[in-house]
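Right, one structure below, let's go through it.
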């Protein structure tokens with residue numbers, strides 16, 4: 001019941017956050033008749049039956065099937081998204097709407113966009129639409145939107161957890177328990193307090209700000225770099241100091257958290273040269289996007305000890321191949337992409353997707369903050 005209230009509240013909040021009266025440009029105004037909507041999500045298999053609110057998977061389908069089919073639309077859901085013979089590829093030529101998630105992304109390339117003659121709308125169930133070739137989408141007159149704010153709390157909480165896991169050298173202790181060992185020295189020699197450490201976030205949008213607010217009680221020295229400086233009152237609340245020059249901020253940090261979108265400017269920006277300028281033993285948390293990092297450079301720096309620990313849940317590509325170097329590097333606390341897909345977040349982004357589909361069918365505007373591509377223009381964070 002509590003989870004249903006969360007979903008209901010999310011729908012009301014989304015409905016109140018944008019205009020619902022103006023008609024959109026041609027590409028988003030749904031023509032009459034049945035639409036083919038394809039959703040690409042991860043499979044839950046036996047886990048689906050363990051929680052009735054597990055809607056973010058293939059089996060749950062964001063809880064949209066009954067609603068869509070009652071309106072006469074066709075709803076196809078699959079996890080098969082790679083290669084020329086995959087299930088998604090079969091539906092590319094005649095689908096109207098494609099829904100995907102950052103956790104099991106359907107990579108929408110310029111080639112796929114060219115094949116998708118009926119495609120009008122690309123929706124991200126969650127936050128982060130870099131699995132879409134946004135430039136190609138803009139040039140094709142498509143609309144790309146996501147459920148902004150739907151999982152920011154989930155990701156910020158996860159980042160705080162990862163910081164503590166790395167600072168306290170938690171994982172080796174856990175592994176000792178599992179393997180039957182007991183060697184306090186093997187953990188304590190590189191375990192520290194978080195208090196007094198300098199923590200910097202590269203990106204201080206919704207997630208970055210929430211993280212800074214949660215870090216304040218730990219009495220850290222908090223720094224942030226972003227393209228936009230915070231409002232003075234919010235900056236005072238977080239206790240964080242603005243750093244205009246990213247390369248001046250990074251070497252000051254004991255802990256670096258990546259909270260910036262993946263763009264052409266940020267892709268691969270943490271390369272061998274930039275990592276070499278970081279403080280020796282620096283800890284890095286990255287729940288943003290794996291491709292912001294040079295994967296091999298990170299692995300090499302972990303092996304040498306220049307990076308004291310690396311944790312995150314984003315990889316490139318996703319799912320990560322078995323030979324990805326981050327699986328085997330020392331002092332890592334990596335997981336599959338899970339931080340933004342808690343059950344609470346799933347209910348919020350499912351409600352947001354339903355709200356936007358409803359607006360699409362009616363030819364109404366989405367909440368302004370949800371647009372990533374609209375009328376050929378990219379959102380500021382992706383420019």
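Counting begins at 1 with the first residue displayed.
A Cβ is built for glycine as well, from the same backbone N, Cα and C atoms used for every other residue.
Bear in mind that the values here come from a model prediction, so they are computed numbers and not experimental data.
Here is what TrEMBL says about this protein:
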- 127, 151: substrate binding site (BINDING)
- 206, 207, 226, 261, 262, 263, 264, 265, 287, 313, 337, 338, 339, 340: NAD(+) binding site (BINDING)
- 68-365: domain 'D-isomer specific 2-hydroxyacid dehydrogenase catalytic' (DOMAIN)
- 161-339: domain 'D-isomer specific 2-hydroxyacid dehydrogenase NAD-binding' (DOMAIN)
- 289: site 'Important for catalytic activity' (SITE)
- 337: site 'Important for catalytic activity' (SITE)
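The shortest Cα-Cα distance between residue 337 (NAD(+) binding site) and any of the recorded positions 127, 151, 289 is the one to 289. In this structure, of the binding-site residues 127, 262, the smallest number of CB atoms within 10 A of the CB marks 262.
With respect to Cβ neighbours within 10 Å, the recorded positions 206, 289, 337 differ, and 206 shows the lowest count.
For residue 262 (NAD(+) binding site) paired with residue 127 (substrate binding site), the C-alpha to C-alpha distance reads 12 Å. Here the domain 'D-isomer specific 2-hydroxyacid dehydrogenase NAD-binding' (161-339) returns a mean pLDDT of 97 for the predicted model.
For the binding-site residues 226, 264, the ranking by surrounding Cβ atoms (within 10 Å, all protein chains) places 226 first. Each residue contributes its Cα atom, and for residue 226 (NAD(+) binding site) and residue 289 (site 'Important for catalytic activity') those atoms are 16 Å apart. When the C-alpha distances from residue 339 (NAD(+) binding site) to the recorded positions 127, 151, 289 are tabulated, the minimum falls on 151. Here the candidates are the recorded positions 206, 264, 287, 289. The one whose C-alpha lies nearest to that of residue 151 (substrate binding site) is 206. Residue 206 (NAD(+) binding site) sits 16 Å from residue 289 (site 'Important for catalytic activity'), taking the Cα positions as reference.
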